[in-house]
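**Q** As annotated by Swiss-Prot, Mg(2+) 1 binding site applies to Glu27, Asp67. The Mg(2+) 2 binding site annotation in Swiss-Prot covers Asp67, Asp69. Among the features that Swiss-Prot reports, domain 'Toprim' is placed at 21-98.
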Amino acid sequence: MEDYKPFFEAIDELKEKSENGWVVVVEGKKDVRSLRAIGVSGEIVVFTGYASTADTLKDRKVIILTDSDAKGMEIEKGLVEALKTYGKIPDVEIKRKIFSNVRKEISKVEEISAFYEKISGIEL
């Protein structure tokens, strides 16, 4: 359990920021369900394209939480650039913290809730 302390801390940080008005951007509906299952209660937006997503979020504090794979990294990079045109610097560190020491077990946001349940012993 101690090995996963950074994972749990990152999840707690995500929940706290979400409760305080930060918008979480994910890749799909399964990602939304996974985050809701672990208690993320704030607004979650599904990525629809760089320009449209950035325009929707231009006046918000944003957390980009895409998968830790090539496609997710590509979306993250493009969305960071699109948000910069509005003078916004999104949070990508929570994603790094979540996936940093669990890459062997999970790489997708939709897998977070099942993994959380497995290692915490808490039924979601």
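Placed from the backbone N, Cα and C atoms, the Cβ positions cover glycine too.
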**Q** Going by DSSP, give the three-state secondary structure for Asp69 (Mg(2+) 2 binding site).
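**A** The three-state answer is coil.
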**Q** If one looks at the chain holding Asp67 (Mg(2+) 1 binding site), which residues at least 6 apart in sequence have a CB under 8 angstroms from its CB?
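**A** Once residues fewer than 6 apart are set aside, Asp67 (Mg(2+) 1 binding site) is near Glu27, Asp31, Ser107, Lys108, Val109.
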**Q** What is the number of other Cβ atoms found within 10 Å of the Cβ of Glu27 (Mg(2+) 1 binding site)?
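**A** Taking every protein chain into account, the count is 20.
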**Q** Looking only at DSSP and grouping its letters into three states, which state does Glu27 (Mg(2+) 1 binding site) belong to?
**A** coil
**Q** Just give the helix, strand and coil counts over the domain 'Toprim' (21-98), going by DSSP.
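**A** The breakdown for the domain 'Toprim' (21-98) reads 38 helix, 11 strand, 29 coil.
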**Q** Summarise the model's confidence over the domain 'Toprim' (21-98) as a mean pLDDT value.
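**A** 98, rounded to a whole number.
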**Q** Are there any residues at least 6 positions away along the chain from Asp69 (Mg(2+) 2 binding site) with a Cβ closer than 8 Å to its Cβ? List them or say none.
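**A** The list for Asp69 (Mg(2+) 2 binding site) reads Ser107, Lys108, given in order along the sequence.
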